[in-house]
Amino acid sequence: MSIATLTTPSSIRKRLEEIQSKVSTGKRLSFEDGVFLFQPEVPLHELGRLAEEVCLRRHGRNVFYNLNMHLNPTNVCVYRCKLCAFYRTGKEPDAYYMTEDQILKRAEEADRSGCTEIHIVGGLPGDKPFEWYVEILHLIHSHFPRLHLKAWTAVEIAWFCRISGLSVEKVLERLLEAGLGSLPGGGAEIFHPQVRQKISAGKADGETWLNVHRIAHRMGLKTNATMLFGHIEAPEHRVDHMLRLRELQDETGGFQVFIPLPFHPQGTALSHLPKPSAFDCLRTLAVARLFLDNFPHIKAYWIALGVGLAQTALAYGANDLDGTVRYETIYHDAGAESPEALSVGELCGLIREAGREPVERDSLYRRVRRVSPTEWEIAEDSQSHGK
Ligand code: V47
């Protein structure tokens, strides 16, 4: 008799075996399956093993990373999301707006150091017109056209529609003309209104978030999706969130990656809550890999998970670590203890230690070939990695 048989109730074991058989025959997990897998009685290692199997089937031993920097043009925001430690009302001494010179300097540093991507998101100040956001993209793109601009979440796009009176299509058209490359996955939080209204009242609701991505996909843009977990939500809310993403992905195919983000309470209005445990983080990543059968990639964002847990996540279904990252503020303001940045050597070392093969990608998951530390090109066989 195995240890797992001894420690797992037979009803749980039977159900887990049904799910294992569904996964190995390529059948989809139901809402109820997803909720079941979040039960602490379901052995984490078995869940992880199953998620790893799915991941290996899709990607072999490849684990992706990129060279990127963050740019948060302002921390001033009209919204007062309880989940957020980053926003300022505008009156505090540390409220800021980056100048054009500062933005260009950051972009120049990114370009000079061989980055392929800048990740741009920020607060939404009440006094800046849509043109301000367009100009930020245009400024960077006109000086450094090689840099992919992964910019503005769906919440920001919905705000731009509101302040400009333009449709989502028109807003995205303007941003594309200015140099937009893809949309990051932020702002998704938890779609279910019961939770969303409590953690991020006022900003775009779940349906609006999904609709912005739907329209972006129809226009040919690739986008990412996140889920903020480990605060006041229940397993049902997490699975509901993933189900809505899976349905939209069936419709459009435009999502590249799912990124489960553990909540960091420090400095937020929810600072009384504990952080989600390492167990919970690994379980959530593994369930995501199994449930989101139509998402190519699952990202273990090392800034949010911490380096050790992100590395461990590579055995629980994740196949992407995000990037070198520099100038991240949203998580560091909320107490994240992860380093400010990782070098390429450190990232590759983490991946190799986990028994995987590091593969540099660009923001669209095309393989990058390094000519030198700062010079790069897209490899010819690159298209196959997007699927
Ligand atoms: O939407 C904010 C989350 C997100 C906190 O697309 C917090 O490749 C935890 O979306 N504790 C922004 N999480 C980050 C994000 C992201 C990160 C990396 C890669 C990509 C991608 C997207 O961060 C927000 C929110 O869900 N967040 N505050 C907090 N206190």
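Numbers run from 1 along the shown chain.
In case you wondered, yes, glycine gets a Cβ from its N, Cα and C as well.
Cβ neighbour count for Cys84 ([4Fe-4S] cluster binding site): 22 (other Cβ atoms within 10 Å of its Cβ, all protein chains included). Positions annotated as [4Fe-4S] cluster binding site by TrEMBL: Cys77, Cys81, Cys84.
Around Glu189 (S-adenosyl-L-methionine binding site), taking its Cβ as the centre, 26 other Cβ atoms fall within 10 Å, counting all chains. What TrEMBL records for Glu189 is S-adenosyl-L-methionine binding site.
Annotated domain 'Radical SAM core' per TrEMBL: 63-304, in sequence order.
Taking a C-beta cut-off of under 8 Å and a sequence gap of six or more, Cys81 ([4Fe-4S] cluster binding site) has these contacts in its own chain: Tyr87, Ile199, Ser200, Ala201, Gly202, Lys203. A sphere of 10 angstroms centred on the C-beta of Cys77 ([4Fe-4S] cluster binding site) encloses 21 other C-beta atoms. Less than 6 Å separates the Cβ from ligand 1 in the case of Cys84, Glu189, drawn from the binding-site residues Cys81, Cys84, Glu189 in sequence order.
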